[in-house]
Amino acid sequence: MAAAAGVSGAASLSPLLSVLLGLLLLFAPHGGSGLHTKGALPLDTVTFYKVIPKSKFVLVKFDTQYPYGEKQDEFKRLAENSASSEELLVAEVGISDYGDKLNMELSEKYKLDKESYPVFYLFRDGDLENPVLYNGAVKVGAIQRWLKGQGVYLGMPGCLPAYDALAGEFIKASSIEARQAILKQGQDGLLSVKETEKKWASQYLKIMGKILDQGEDFPASEMARIGKLIENKMSDSKKEELQKSLNILTAFRKKEAEKEEL
């Protein structure tokens, strides 16, 4: 009788255990597969529609239910680094086309192809219908530079907030005289820049001068040139220097140009 009762009790508990195990799998760290990534908010078909409309910028990664590998490692770093931005929320949606078909509604809404996972969309000002697709390499630096080009402020290595703002004003200025005045403002500001930051502040000024001499296409062509250089074998310190130069150049790219590339 006791044995029978034990079997009966175990049988009655099994549905509950199944639910608990499912929840544990869903929110387990990536080592055991699941959707919990430090710095990223996991969303589903319910929370997605609650979170996006209330946020200025949300970068959402749509991926398999249990992602892993190099691209996922890059995403983990990106999510952790997002703490530097007060206006950006990083989120992820896990999708499964079998079993319970987890979040397939969102996959269909945004016409996602599982062969292309991970897919990144930037949602702006709560707009659920017109997110911006990211088409670049799944690398932390590349995604950060793209986000910066979309108007998301990120405290990226090498970048100085005051000179980022000047770069934005410089690009928006419609006359040579106005741009020359902004360049002069930046030159005067060097006196108050920390010694450790003067090298990078000077880079902003150098780029402004190059744009005045060579035209609007300079930032894009210089980014392409440095991007190719980084692919070559070099010391970590040299690569870090070039990455900082790329980060600074991003401040001079127009949002319209970013949209056209997509």
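Positions of Cβ are set from backbone N, Cα and C atoms, glycine also.
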In Swiss-Prot, of the candidate ranges 115-118, 231-234, 259-262, the one given as motif 'Prevents secretion from ER' runs 259-262
Between the modified residues Tyr66, Tyr68, whose Cβ has more other Cβ atoms within 10 Å than any of the rest?
Tyr66
